[in-house]
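Chemist: Dumping what Swiss-Prot says about this protein:
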- HIS19, HIS44, HIS46: Zn(2+) binding site (BINDING)
- CYS38: active site, proton acceptor (ACT_SITE)
- HIS85: active site, charge relay system (ACT_SITE)
- GLU130: active site, charge relay system (ACT_SITE)
- SER159: phosphoserine (MOD_RES)
- THR161: phosphothreonine (MOD_RES)
- SER164: phosphoserine (MOD_RES)
- SER165: phosphoserine (MOD_RES)
- SER167: phosphoserine (MOD_RES)
Amino acid sequence: MSQQPVAFLTRRETFSACHRLHSPQLSDAENLEVFGKCNNFHGHGHNYTVEITVRGPIDRRTGMVLNITELKEAIETVIMKRLDHKNLDKDVEYFANTPSTTENLAVYIWDNIRLQLKKPELLYEVKIHETPKNIISYRGPYPLNGIYNPINKRIAHDSCTNISSDSD
């Protein structure tokens with residue numbers, strides 16, 4: 001029996017949003033020191049490009065990892081309806097007490113895209129291009145005792161040992 005082929009499927013979307021990099025856990029002076037001009041009281045905006053990638057076996061019946069329509073609808077719900085042309089700090093509850101860094105934006109998108117997918121374990125990566133030079137990639141929570149494998153498996157640090165577990 002041959003091994004089932006695995007493929008990556010990526011959908012790209014662009015949205016615009018504004019924010020102010022500011023942490024309620026820091027003083028105003030500390031915020032200015034950490035975030036510099038991005039801590040401007042009036043905020044600033046970005047034209048973000050987001051790439052959502054799923055990874056999984058190619059279904060023998062459909063020839064697909066995931067129907068691209070399902071991914072498109074998840075992106076529409078999570079990104080376009082909730083984030084596009086919004087002030088992240090004021091319009092998105094998640095950022096009320098969480099700094100709206102691109103790293104945290106990637107976590108927000110990851111968590112919410114997973115809720116939209118029939119098979120959330122297929123979500124492999126959220127990549128956000130904040131600018132042409134600043135890009136954040138997020139592949140989900142990192143387990144402390146192993147390297148993260150997005151098909152709900154852990155791979156031991158010892159490259160000679162491969163440990164799989166579906167119960168994580």
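In case you wondered, yes, glycine gets a Cβ from its N, Cα and C as well.
Let's see these features in context: how buried, what's close, how far.
Modeler: DSSP gives HIS19 (Zn(2+) binding site) a strand state. Sequence-distant neighbours of HIS19 (Zn(2+) binding site) (same chain, six or more apart, CB under 8 Å from its CB) are GLY43, HIS44, GLY45, HIS46, ASN87, LEU88, ASP89, PHE95, SER100, listed in sequence order.
Sequence-distant neighbours of CYS38 (active site, proton acceptor) (same chain, 6+ apart, CB under 8 A from its CB) are ARG20, LEU21, HIS44.
In the three-state DSSP reading, HIS85 (active site, charge relay system) counts as coil.
There are 17 other CB atoms within 10 A of the CB of GLU130 (active site, charge relay system), with all protein chains counted. GLU130 (active site, charge relay system) falls within neither a helix nor a strand when secondary structure is assigned with DSSP, and so counts as coil.
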Chemist: From the Cα of GLU130 (active site, charge relay system) across to the Cα of HIS85 (active site, charge relay system), what is the distance in angstrom?
Modeler: 15
Chemist: Same chain, not part of HIS19, HIS44, HIS46: whose C-beta falls within 8 angstroms of the C-beta centre of the Zn(2+) site? Give them in sequence order.
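Modeler: Sorted by sequence, the hits are ALA17, CYS18, ARG20, LEU21, CYS38, GLY43, GLY45, LEU88, SER100.
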